[in-house]
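Database features, via Swiss-Prot:
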ACT_SITE  164  active site, proton donor/acceptor
ACT_SITE  168  active site, proton donor
BINDING   13, 14, 15, 16, 17, 18, 108, 109, 110, 134, 135, 136, 137  NAD(+) binding site
BINDING   165, 174, 175  (S)-2,3,4,5-tetrahydrodipicolinate binding site
């Protein structure tokens, strides 16, 4: 395959935990070409991103200015893709910038509000530019969510516990919110009160997510990403759990997102809609 037929990819947050895995995955993919690596770490500026992530040099320097790197992705025959694993505080502007340049975002950064997602969807539709926002790229997580949707038909009580490393900035996780949304869309009323409740410590029972489903967030060093969906009824407890033991598990989903987003003309929320 000639270089002009490869999908150009920019990775934003290239030196972060997820960004490093994306760089490695894109470098190994025969149909993708890394054309830009963005990271704000001042000690890495100008360094070859391949060497930064511990693989062979890729002749792609680490740069801090997203705008200038997006220009590189617009100079190729095929529309480029920006993969964003950065920070909730900046992801909205990152996605708008990419769409404005005609570069298609694949977003794993969580923390966007419903209104921000709606605004980005309107912007992408007007630009006829594909955009994928996925709370989680692990296929196992999608299977967990599907199993939870099936189970909720038979249980009236459900709560979600999500556990992440203590460097995660947002809580609850996008995956937990998405799971609660999927359950709420089933139209059931969950967790009818059994007694008059009183919290002696505010928030002890977790925050209420979509469908008034309690979500509990835990942040500890030593964790990566984990989630439990707990269903209860008299005499039984049904627990569905997913554990991430290595961030490599997200890469098949990220690569799928890159390949699919170039076919889209607007925003899609959730990787499961592309399967």
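Backbone N, Cα and C define each Cβ position, glycine as well.
Of the chain residues outside the (S)-2,3,4,5-tetrahydrodipicolinate site list 165, 174, 175, 110, 135, 136, 162, 164, 168, 170, 173, 176, 225, 227 have their Cβ within 8 Å of the site's Cβ mean position. In the structure as shown, the Cβ atom of residue 17 (NAD(+) binding site) sits within 10 Å of 12 other Cβ atoms. Counted within 10 Å of its Cβ, the other Cβ atoms near residue 110 (NAD(+) binding site) come to 23, all protein chains included. Non-local neighbourhood of residue 165 ((S)-2,3,4,5-tetrahydrodipicolinate binding site): 219, 220, 221, 222, 223, 224, 225, each in the same chain, at least six residues away, with C-beta under 8 Å from its C-beta. Other Cβ atoms within 10 Å of the Cβ of residue 174 ((S)-2,3,4,5-tetrahydrodipicolinate binding site) number 22 in total over all chains. When secondary structure is read from DSSP and collapsed to three states, residue 164 (active site, proton donor/acceptor) falls in the strand class. According to DSSP, residue 13 (NAD(+) binding site) is assigned to coil rather than to any helix or strand. Residue 135 (NAD(+) binding site): 22 other CB atoms within 10 A of its CB, across all protein chains. Long-range Cβ neighbours of residue 175 ((S)-2,3,4,5-tetrahydrodipicolinate binding site) (same chain, at least 6 residues apart, Cβ-Cβ under 8 Å): 110, 135, 136, 141, 162, 225, 227.
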